[in-house]
Every structure is written in C-alpha cells, then in structure tokens.
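First comes the structure, then the notes that go with it.
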Amino acid sequence: MELSKSITHKNGRQRKPVVSSSDMWARESKLEVEDDEETLLPNSGRVDGQAKVSNGIKGELSNVALLLFLYVLQGIPLGLAGSIPLIMQSKSVSYKDQAYFSFVFWPFSLKLFWAPLVDSLYLQRFGRRKSWLVPTQYLLGLFMLYLSFTVDSMLQTDGQRGPDVITLTAVFFMLAFLAATQDIAVDGWALTMLSRENVGYASTCNSVGQTAGYFLGNVLFLALESADFCNKYLRFEPQERGIVTLSDFLFFWGIVFMVSTTLVAVLKKENSRHLHTKKKPKEETQGVMETYKLLLSIIKMPTVFTFCALLLTAKIGFSAADAVTGLKLVEAGVPKEQLALLAVPMVPLQIMLPLIISKYTAGPRPLDVFYKAFPFRLLIGLEYALLVWWTPSVRQEEGFPLYYYAVVLLSYALHQVALYSMYVACMAFHAKVSDPVIGGTYMTLLNTVTNLGGNWPSTLALWLVDPLTSKECQGASGQTCGSVEEAGLCVREGGACVTALDGYYVESVVCVLIGLCWWIFFGKKMKRLQEESPSAWHCRGAK
C-alpha cells in the first residue's frame, strides 16, 4: 500500500526517493564546473558584486526562508496530484483510468533528460536560475487558476460518463513537469544563493519544504475537503460539503504562485558572477551535448548496464502492494482523508530510519542490506492483500474501529522499515561506485533508473487489475459482466455484477512469485556487483 505512495501518488509514489534522486544534478553537474566553482569560494555571499560579510546563518535567514518557501510551493502541486487518485477512486473509476493518471508521477523520475537544458540555456541579464524559475512558476499558477474553474467538471460523474481522466492526466502531468523543472532551477540557485558555510542548509530546505508543501496539498486538503471529517472535528453544525473544495484550493494557490513569483522576479536579485569575473562560462550548446554524450558513455559500461537492468526490474514484486493497495482500501470504504492522516504519525519514523539504517550501509557492502530486506518486503505485500481482504468484514455502520487503523498503521510502519532499508542501501551503493570526476551526473543517472524501476511496474500493475478481475451477473439469467456494455445490460435486466475473483489478489500473488524468483536468481548477482573493482565503474571518457 505504502500510504505515502497512495497518497502522494501511490508510488514517487515513493516520493522521497523521487525528490531526492535528482537533487544531485545541480550540485555537481559538469556543466556548472566553470560557472559555479566560484560559488564555493568564501566570498560567494556576494550580491550584485558587493561583498557580504559572513555572519553565520543569521546573515542569510532571508535566503534560507526564500528557499524554504520555493520548495513548499513545489510540494503543493505534487500533493494535489497525489490526492486525485483517491478522489477518483471514491467515484468508482476503473483501474485502467488510474493507470493513465499514474503517468502524472513520471516527470520527477525523468527530469535528468531535460536538466542539462535548464542548466545551460538562460538569459544572462535576468539571471541563470530566474530565467527558468519565474516563467515556470507563472505557468504553474496559470494552470492552477485554469483548473480551479474546470476541475469540477472534469471530475463530475453523470450516470454513464465518469471523470474526464485523459484531460485530468494531461493537465496534472504538465503541473508535475513544471514542478520538476522548478526543482532543477531552485536546486541550482540554492548553491549561489547561500554562502559556502551555509550551503548545507539547501538540502534541509528541500526536504522540509517539499514535505510541508506535500502535506498542505495532500493531507490537509483531503481533510478539509471531507464533509465527514469537518463535521466530526471542526464544526458544530453538520453540512453537506467540506470547508474547502478542490476548486477553491486550486484558486487560492494559483493566486499565491502568481503573486509570490512576481515578488521574486522584481525584488530578488540573482548573483551575476559573469559580469564581475574574467572567466567566461562554457558554451552552453557544447555543454549540453557533452553531458548527453557523457550519460550515454556511462550507460554503455558493462557493470553500469547490468546494474541498471537489475534496478529496472527489482521492484516488480512490490508493484501490486505499492500501487493498488491504497486504492483498494478506499474502494472497500476506508475514508481517503483517514488514509492521508495515517501518514502523519509516520513522519518521525521516516526521519529516524535513514539515520539508523545508514550505520549498516556505511561499509563496503551496502547491498547486503538490500538483499536481506527484499524478501521481508515481499511478505508485507502478501500481508497487504490479507488486509484488503479483511477490511470489509470489520466495517461498521459508524465507520471502522480504532483497532483497524492501528493494524493499518503497524502494517505501514513495517513496510517503511523494509522500504527504507532497500532505499538507503541503494543510495549508499550509488555513492560508493559513482566516478568522483563526474559524481553528480553519475549519481543522478543511477537514481533516475532507480525511480523508473518503481514507476513502470506500478503503472502496469494498475493497468492489469481490471483484465485480471472476473465478474458474474447475479439475478439476471444469461447475462455476463465481461465489459461495460454487458454490465449495463445486466443491471437493466434486474441483475447485479458481483466480483467472483478480484484481480488485485491475483496480482499480489503473481508479483510476490516474480519477486521471489528475482531474489533467487538475480539478487545474488546484484550482491556480486559489490566485488567489482572501482575501475570497473569509472568512465574513461570523463578523465
């Protein structure tokens, strides 16, 4: 289930990995060697050529606050996109439609492919990062304002016609694409906005800001949008609607994006190093082509190619549990806002787990932890299937009992332990084998492949739920429920379509079997990659 996936998006839907995977681009890209090497000099706190006296973090609180705010804004559209699948599920859309919408969560895993362009093409007079940040955030604001007037009609159901999934997917895909582009620009600006001694706060702003923005756009929105939640906890007199609607929420944040972007464009001056240094930046077009050639040369290395193939297939065994379970719980009647709120108690655990696990992955063989956690996570996938099967039997008239949510929370916590064990082990191995000469590009490539290895199985798992589900028509002899038309005819004849075999359970078993085979036949091969010499991972073309 991975609630943070079914809420963010059922998988980047493993959102932390998706977000953090590409941050390295702006930090170490070869495109920035000549341009940003001066960022790390002690006087990197210049503003418009004037030296700024270093006074610790106190002297740069305004810059830290701006970075934090920009990352919060980035998390808003991601959180909203993560809430749409749960809203659609409450409107009984097909899992094929959910598969379509899952493409919305791909841009953060693919931003490596256009990051060199964002890094190299800009208007020098306006600023290297503002050239992309300002128009990107204006477009985000405009898309949100547009959605505020149209999203209700897109989600509306009127008997035979369901939500307009294709249009929803297209618009939210653009939102995610723009948010990923903004992330590239902000990551790069963080290096020049903060002085050398305080540049470490950039990653803190990233993680805290995106988490806060995602919380606002997902958990808080789903809670305030729910009439049941508002009537139970926030109102004295019950009403039919929540405190806010999706259109209200989009309109508010659309205005915030437009106003804040205007203020940043007018008031915030970007460092203009090229005007005050004798060094000239690299030719942008040449830098872009060099970077793409470098990525290709890395992929062609035998060890890297093998490792990427393993990363792209390792998560097939978890796809049903990660992508479908949360939606199945909503289908079984669990309120979507309650699922969202269950992610809140997990925040301290998600902070502590990487710190604890890193003690075991810091040695020469971090993938041993990955290998040991793999079957444990497969078993949790079966436990999730049992949880979905058990859910309808514990439902009461007034909702679900407290012990049910305790079981869900415990299941989620165990899943997080396995997930973070594998994730931290993978990231540690990436850092261990990455060629230090091209560390940023190398790391970002491996992280991108890791994220894609989670996205495509989740999309496929959603797509296959309906074809694997078997339904029969009860109450109308001679009728079947093999298609939408046949199901409609069954209902018109006085019958009802009843699920004989849920494709989710078929998927859960098949995925676990595939995962088990992968662990037996390829898991040890992945472990053996740790025995390769450092030279096997170094790219000759980068020397």
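Cβ atoms are placed via backbone N, Cα and C, with glycine included.
All annotation found in TrEMBL is predicted automatically rather than curated by experts.
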Stretch carrying region 'Disordered' according to TrEMBL (options 1-31, 32-62): 1-31
Seg_contact(the transmembrane segment (137-155), the transmembrane segment (64-87)) with at least 3 CB pairs under 8 angstroms, min sep 6: yes
Sequence-remote partners of the transmembrane segment (167-186) [C-beta within less than 8 Å, at least six residues beyond its ends]: 19, 22-23, 25-26, 67, 70-71, 73-74, 77-78, 80-81, 84, 88, 100-101, 103-108, 110-111, 114-115, 118-119, 129-130, 132-133, 136-137, 139-140, 143-144, 146-147, 151, 154-155
Long-range Cβ neighbours of the transmembrane segment (369-390) (under 8 Å; 6 or more residues past either end): 1, 314, 317-318, 320-321, 325, 328-329, 332, 357, 360-361, 407-408, 411, 414-415, 417-419, 421-422, 424-426, 429, 504-505, 508-509, 511-512, 515-516, 519, 523-524, 526-527
Leading contact stretch, 64-87, 294-318, 504-522 vs the transmembrane segment (338-357) - CB distance under 8 Å: 64-87
